[in-house]
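Enquirer: Please see the structure below; I have some questions.
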Amino acid sequence: MRTAPRSQLNRAIAPCRKRGPRRVAMVSMHTSPLEQPGTGDAGGMNVYVLQTARRLADRGVAVEIFTRATSSEQPPALSPSEGITVHYVPAGPFEGLSKGDLPSQLCAFTNGVLRAEAAQPPGYFDVIHSHYWLSGQAAWLAAERWGVPHIHSAHTLAKVKNLHLAAEDTPEPFTRVVGEEQVVAESDALVTNTSSEAEVLVDLYRADPDKVTVTPPGVDPEVFTPGDKLAARRRLGLPDDALVLGFAGRIQPLKAPDVLVRAVARLRALNPELAPRLRLVVVGGPSGNGADNPRWLHDLAAELGIADAVTFLKPRAGHELAEVFRACDVVGVPSYNETFGLVALEAQACGTPVVAAAVGGLTTAVADGHSGLLIRGHDETDWANALDKLVTDAPRRARLAAGALDHAARFTWSHTADDLLGAYGDAIQRRAVSPRRSPASKR
């Protein structure tokens, strides 16, 4: 394992020159960007792909997204908005395949991507941008076939996940580690959300620092905005005077919603006067190991004697999710690891402070002491104490709420798209100056 000098990393994460292509192929094999985040395999990556595609299209760049078909009702292709096409590529049965089974369908999926491009005039795509390692494997071959640069965004990394496993979680397989190492080595450019993710790619995956660009994600300012807290609570059936904590995400061990449930139970024991007013709102659906027992979090709340204080809501789209954030006094993000933690940013854009685990990208998404609090570890008592200090101190919450708005305003999808255009343009120029050899010629 090689650690790059800090000067090399600083050059690698410098802002890119703003140039770009005419048409971009994006690959999101395992999940469609049109799926509802918060359940199954849909999450922040889905939001990232769709939002960046929209902003690129606004800048006159055509974006075509390739994802695996999961239903016979899906058309071969559709256009969710002007300048964007989503292709549903048949690869294996529509049902019965988990994300862990999808490596067996890489050949079929890649073939579908290549066939779609072959029906177009030569030089149809200028760049291919893959999201997640499975997509990276498919895009690697497509980029070589088309003679275009391959830009890769990992979103999550096996080596990092395995370093931060929840007790009930399953380690990522060695095959994924190998696949990620290959994609990192063969990509023309690597886009990361934070400088810490860039360092991980260099330190753990031996990425070339000169290929790494930091491009933070954004938040939609037309959706996630401050609003009437009392009106939001009444629409959700929450008491006006409640102290409301929120969680939004997939219900799985990695996201650690159980930490919040246990912390609420502990807080009620530490401060009995708060018990009648405390509420926890959980937005999300089962995923990963959590899908084996979809009601495990309900069962935990009942076991701890706080079922009456926890409201479970199904995953919901942007405007409805924003309303939940507005209803909350504090939003918790206790994940064992996050490449960024988009939910934290969206909550802050609604003027709600965030208490988050001090891991991964959450240390960038949350400004500790300014827009929220970062907690080291996942001990329920530590979380209960931190929450107690916030819910019982309205002036401090108000200061953090103002800081949350200030911090979130620094992250926009427009900035993300501009940075991506720069990364694409630089990769196009590098390949034009020094065309890459095929993998076969390297051996």
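Note that Cβ sites are derived from N, Cα and C of the backbone, with glycine treated the same way.
A quick note: this is a predicted structure, and the numbers were derived from the prediction, not measured.
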Enquirer: Do you know which of Lys99, Lys211 Swiss-Prot groups with His30, Asp41, Ala42, Gly43, Gly44, Met45, Asn46, Tyr132, Thr156, Arg176 in the 1D-myo-inositol 3-phosphate site?
Expert: Lys99
Enquirer: For the Mg(2+) site that Swiss-Prot gives with Phe325, Arg326, Cys328, which of Thr311, Thr352, Thr363 also belongs there?
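Expert: Among the candidates, Swiss-Prot records only Thr352 at this Mg(2+) site.
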Enquirer: Given the Mg(2+) site residues Phe325, Arg326, Cys328, Thr352, which other residues of that chain have a Cβ within 8 Å of the mean position of their Cβ atoms, reported in sequence order?
Expert: Lys229, Ala232, Gly246, Ala322, Val324, Ala327, Asp329, Val331, Ala347, Cys350, Gly351
Enquirer: In whole Å, how far is Pro37 (UDP-N-acetyl-alpha-D-glucosamine binding site) from His30 (1D-myo-inositol 3-phosphate binding site) when you measure between their Cα atoms?
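Expert: One finds 13 Å between the Cα atoms of these residues.
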Enquirer: Max Cα-Cα distance in Å among His30, Asp41, Ala42, Gly43, Gly44, Met45, Asn46, Lys99, Tyr132, Thr156, Arg176, the residues listed as binding 1D-myo-inositol 3-phosphate?
Expert: 20
Enquirer: With every protein chain in view, how many other Cβ atoms are within 10 Å of the Cβ of Tyr132 (1D-myo-inositol 3-phosphate binding site)?
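Expert: Other Cβ atoms found within 10 Å: 24.
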Enquirer: Between Arg176 (1D-myo-inositol 3-phosphate binding site) and Thr352 (Mg(2+) binding site), what C-alpha distance do you get in Å?
Expert: 37
